[in-house]
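Heads up: the structure comes next, in structure tokens.
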Amino acid sequence: MTTLPTPAGSTAHTVPDGTNYAAQVVDAVKVYGAGATEVRALDGVSVGFPVGQFTAIMGPSGSGKSTLMHCAAGLDTLTSGSAFIADTELSALDDRRLTLLRRERVGFVFQAFNLLPTLTVAENISLPLDLAGQRADPDWLESLIDVVGLGGRLRHRPSELSGGQQQRVAVARALASRPDVVFADEPTGNLDSRSGEEVLGLLGRAVRTMARTVVMVTHDPVAAAHADEVIMLADGRLVDRMPNPTAERVLDRLKAFDRSTEAARAVAS
Amino acid sequence: MSGNRAAARISLASLRAHKRRFVGTFFAVLLGVAFLGGTLVMGDTLRASFDTMFGNATSGTDAVVRSADAITTPDDGAGSREPVATSLARDLKRVDGVAAAEPSIQGAGQLVGKDGDAVGGQGPPTLAGNWITDEELGAYQLADGRAPRAPGEAVINRGAAKTGDLDIGDSTVLRTPQPVKIKIVGIATFGGEDGMGQVTFTGLTQEDAERYLTAKPGQAASIQVRAGPDVSQDELVKRLEPVLPGGIEAITGQESAEENLDQISGAFLTMFTALLLVFAGVALLVATFSIHNTFAIVVAQRTRENALLRALGAARRQVMAGALTEAAVVGVAASLAGLLGGIGLAAGLQALFRAVGFPFPEGDLVISALSLLLPLVVGVVVCMGSALAPALRAGRTAPLAALRETAVDHSGASRARTLTGAVLGAVGVGVTVLGVLADTPSVMLTAIGSVLTLAAFVVVGPVASSLAVRALSGPLGSLRGVTGALAGRNALRSPKRTAATATALMIGVSVVSLFTVFAASLKATMNETVSRTFAGDVAVSVPAFGGGGSGLSPGLAPALDKLPQVDTALGLGRGVAKVDGSGRQLTVTDPAALSGVLNLGDVEGNFTGLGKSGIAVSASEAAKHHWRLGSTTQLTFTDGQRQSFTVRAVYEEKDLAGEYIITREAWAPHRAQDADSLVAVSFKDDEAASDGKEAVEKVAMNWGNPEVQTRDEWAESSAGGIDMMLTLVYALLALAVLIALLGIANTLTLAVHERTRELGLLRAVGQTQAQLRAMVRWESVLVAAFGTLGGLGLGGFLGWALVKAAVNSGDGAFALPPQQLAVVGLVGVAAGALAAWRPARRAARLDVLRAIATE
């Protein structure tokens, strides 16, 4: 795998406590628009996603959770602050290098439309490797396919699969190039609870048995409960972190959080 | 009504919102209409300016007196007339009301320029005649210098003077074809222009003209008469008629001018504009496919929008009217712009023609109502007609479609379509082949078959496109990896769309390859003819095409015959006579020596001893007239004399020898200007052959320096005119190909728009911009390759059919020029890559986030 150049003096991937971060943002600010219509989607967020951990990002609509994910994953650029994938600072990369970084070191699972309709299941899974012109490690692919449980459907087209199956293929695709980190954006948003459960189980297994790192944006407390840690955003700021979450605790926290923001807004107005 | 207004409002709003989608359509219509309008305006303008020029040039001639009968051969529309006696002019002068009457002696005369090269000769005639001294009577007017008075003095037209870099006081040679030394004493204009188009003219004294341009002194082609004051042209003709001898007629100057105009510019312009109109038609046909495709895609992309309208209560008719309104707006706007473009094109061409020295007469642009209306109507009809089927489909949108995912039309390879296409194709090919293989090959049948075959290609296109793209993208996938595979899959998505896009290019390419194959076959036929029938070693010939040049001097062949290396040097001249009532070309030569230089195939009878009353005829003519050796036939010569000839020989190969051969002695009494069109030379042995050509060239130098060519060179140069035509045709067809490319580019742009989310996903998971551009480009190349291959196949087949059906009842040689066809193929495919340039760039510039977030 190509090693991307590390900007000189970058030490951000390890903080004093010695934790290794697969992805990290420091003082991240993202501003959309200007003047009266200016929106600060991220307002000075610093957060790291430790290697081998399943992190969920939560927060109400407009809290900046998707923006955080996009910036951390190199799909979008920060207005100020810096974002890292492992020890690579993203702002130093041009479009081509960013693209290469995404394809080699980052995996993606989106809410919908994760698969190319013209490619088969097998081709979709190996797409990032094919784009890189690399031969997939067959053992690795086979084990992936075993894990997602779609061995019998490798030659099917996405349109012949159910929504849950499609998302499982997307997870396999995201893991195919053994990325440093997999970003999942509401991966269960379009699924019924049973299919959602399967996809979340899959992401959990990727972390626990395959030693991958997963960052997931979700608004569903049940989904968030699959994560090792939940971080909460509101109005573009990091407002809370909750290790070892359960659905109830997350829900309670969100409710309290809603009340407090309402109170804050009431005070402000 | 208000319902329609609402539909119109919606469609106008959507036009504004999606202007880019119709850029391709707009330009396709614009280019087609501009070409059509430009052709019409240019044709009218040229016709009008020729009219004015002839009017000016001949305004002083009130009547023309000439022999009444013309002998027309199939090759020469104007025909040859018996000469009139120059002495008649004296009698005419005495008629009351005649101000002037002068004989007009006309012949061929080619000037030699300052650099020693002949002036003109490839195409337009090179004329010589007597300088008509009456200033108003002559078609040419002195612009500079004076009229010729002494032998050897001449006036030349300004165009020829410019081309040959000649000026007053210069001495040069006029080939009539005997080289005549002349001294230029004057420069003339024709109707105020440098010349009559590219025609060159040399005016000599009457004695010189009689001596060099006619067989016998005292003969002229016609007598020009100018009327005195207050005598009308009709009145003049009436007064002349009583004094005319039998067989001589008088026509008004007006009629004569119209006849000339008709012969020289009329036929040429009609052919020229007809040719251009055909190509405008091809361009518009190609445009139709592109436009149809655009509208079909736009309607498919707007399924949800239309369904929503239907769900909200819009009637089918309203949705359909909305789609048609868009087409109408685009059509009208593009046609108007095209019309302006066409007028600009005509003006530009007029300037260009003059700039490159093609002296079309000057004049204002003539814009008739027809050339305004026709392109406009055609543009709008093509645009709306192409949009009709998609509009109907839009009207049929089910309201429920609003709730479904946007559906792209994937249909195409239905069984019915395959079957219809196959049957149509079989019938088309069958009829075409029947037209070729029938006892008497029929161009008509072949043409009908060709149209059916083309229709079959269109019907079967979607099926064929799947197969072809699959076959083509196989190697691409292994060559270009996932990028190539994705490009292939994208091209396979909507076979109908791929086929429609490719069909536009296919039509363009098939017409190009049809012409390429046809031209190559003609060349091969000529080549074969020469190698089969020419038994000599070198040929001395006049330019192979057009009416220019003055032929070869009859003195050349005897001079060459004296060379020690030469075994036989034989001159072949041309004559004209009526055979059994219809005009025919005769070959005038020494038949006894013919077999030394020409291969005549099977010969019955004997060429020696034809004498003054013997004739040799080709086997096919003999069969037609049921002649055998010893039959007699009556020939009527241009001097009006009739004579019986006895068939003494019948020969098979007529391509070089012609249909009829008579001796020089038999021709001599009836001859006009004496010239050979070919001198065929054979050498004594191989040793003589090595320096023979040089020796022949040395002698030829003294006889006007005509071209001396080996057998191969001669065959090659015979086909020179074909290459020139082909270049012109290619230039005209470039437009159709350009429109097809616009179609491909437009389809791609729409497809890129349709696949925004997919492209975003690809970019997110690591497709670089370069890879994305390559993917779009390869898709385009695949579509173009399919269209190009189809076009090459169709064009090749139709070319074969046309060659076999049209050329000499099936004995034309068929040739597939692999290099040229490969170039056509490469250009087609490269054009595909070019068409993808802009869509690929736009696709690569997509913002990944916005692409993922769409909808």
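Using N, Cα and C of the backbone, Cβ positions are placed for all residues, glycine too.
Summarising the annotation, TrEMBL assigns domain 'MacB-like periplasmic core' to B:25-242 (among others). In the predicted model, the domain 'MacB-like periplasmic core' (B:25-242) shows an average pLDDT of 85.
As annotated by TrEMBL, domain 'ABC3 transporter permease C-terminal' applies to B:278-398 (among others).
If you look up TrEMBL, you'll see B:498-698 (among others) marked as domain 'MacB-like periplasmic core'.
Residues annotated as domain 'ABC3 transporter permease C-terminal' in TrEMBL: B:731-847 (among others).
The region 'Disordered' annotation in TrEMBL covers B:109-129.
The transmembrane segment feature in TrEMBL is assigned to B:21-43 (among others).
For B:267-300 (among others), the entry in TrEMBL reads transmembrane segment. Beyond the ends of the transmembrane segment (B:267-300), by six or more residues, the same chain brings 18, 21-22, 24-25, 28-29, 31-32, 35-36, 39-40, 42-43, 46-47, 50, 77, 306, 323, 326-327, 378, 382-383, 385-387, 389-391, 393-394, 407-409, 496-497, 500-501, 503-505, 507-508, 511, 729, 732-733, 735-736, 739-740, 742-743, 746-747, 750-751, 754 to within a C-beta distance below 8 angstroms of the stretch.
Annotation source TrEMBL lists transmembrane segment at B:321-353 (among others).
Annotation comment: TrEMBL describes B:365-389 (among others) as transmembrane segment.
Tertiary neighbourhood of the transmembrane segment (B:419-438): same-chain residues 444-457, 459-461, 463, 797-798, 800-801, 804-805, 810, selected by CB-CB distance under 8 Å and a gap of 6+ residues from either end. Under the heading transmembrane segment, TrEMBL lists B:419-438 (among others).
Annotation source TrEMBL lists transmembrane segment at B:444-469 (among others).
For the transmembrane segment (B:499-522), the residues of the chain that approach it from at least six positions outside its boundaries are 282, 285-287, 289-290, 292-293, 296, 412, 454, 457-458, 461-462, 464-465, 719, 722-723, 725-726, 729-730, 733, 736-737, 739-741, 743-744, 747, 783-784, 786-788, 790-792, 794-796, 798-800, 802-803, 807, 812-817, 820-821, 824, 828, 831-832, judged by C-beta separation under 8 angstroms. Annotation comment: TrEMBL describes B:499-522 (among others) as transmembrane segment.
According to TrEMBL, the transmembrane segment annotation covers B:728-752 (among others).
As annotated by TrEMBL, transmembrane segment applies to B:781-801 (among others). The list of residues near the transmembrane segment (B:781-801) in space but at least 6 beyond its ends in sequence, with Cβ under 8 angstroms from a Cβ of it, reads 429, 432-433, 435-436, 446, 449-450, 453-454, 457, 461, 464-465, 468-469, 472-473, 476, 487-488, 491, 498, 501-518, 521, 740, 744, 747, 814, 816, 821, 824-825, 828-829, 831-833, 835-836.
Sequence annotations record features per position, and here TrEMBL assigns transmembrane segment to B:821-840 (among others).
DSSP assignment over the domain 'ABC3 transporter permease C-terminal' (B:731-847) gives 100 helix, 0 strand, 17 coil. Within the same chain, residues 4, 7-8, 10-12, 14-15, 22, 25-42, 45, 295, 299, 309, 359-360, 365, 367, 371-372, 375-376, 378-384, 386-388, 390-391, 394-395 sit at least 6 positions outside the transmembrane segment (B:321-353) and bring their C-beta atoms closer than 8 Å to a C-beta of that stretch. Assigned with DSSP, the residues of the region 'Disordered' (B:109-129) fall into helix, strand and coil as follows: 0 helix, 9 strand, 12 coil. Residues of the same chain lying 6 or more positions beyond the ends of the transmembrane segment (B:728-752) and with a Cβ under 8 Å from any Cβ of it are 20-21, 23-25, 27-28, 31-32, 35, 275-276, 279, 282-283, 285-287, 289-291, 293-294, 297-298, 301, 490, 497, 501, 504-505, 507-509, 511-512, 515, 759, 776, 779-780, 783-784, 787, 827-828, 831-832, 834-840, 842-843. Through the fold, the transmembrane segment (B:21-43) approaches residues 15, 269, 272-273, 276-277, 279-280, 283-284, 286-287, 290-291, 294-295, 298, 326, 330-331, 333-335, 337-339, 341-346, 349-350, 365-368, 370-372, 374-376, 378-379, 382-383, 735, 738-739, 742-743, 745-746, 749-750, 753 of its own chain, all at least 6 residues removed from its boundaries and within a Cβ separation under 8 Å.
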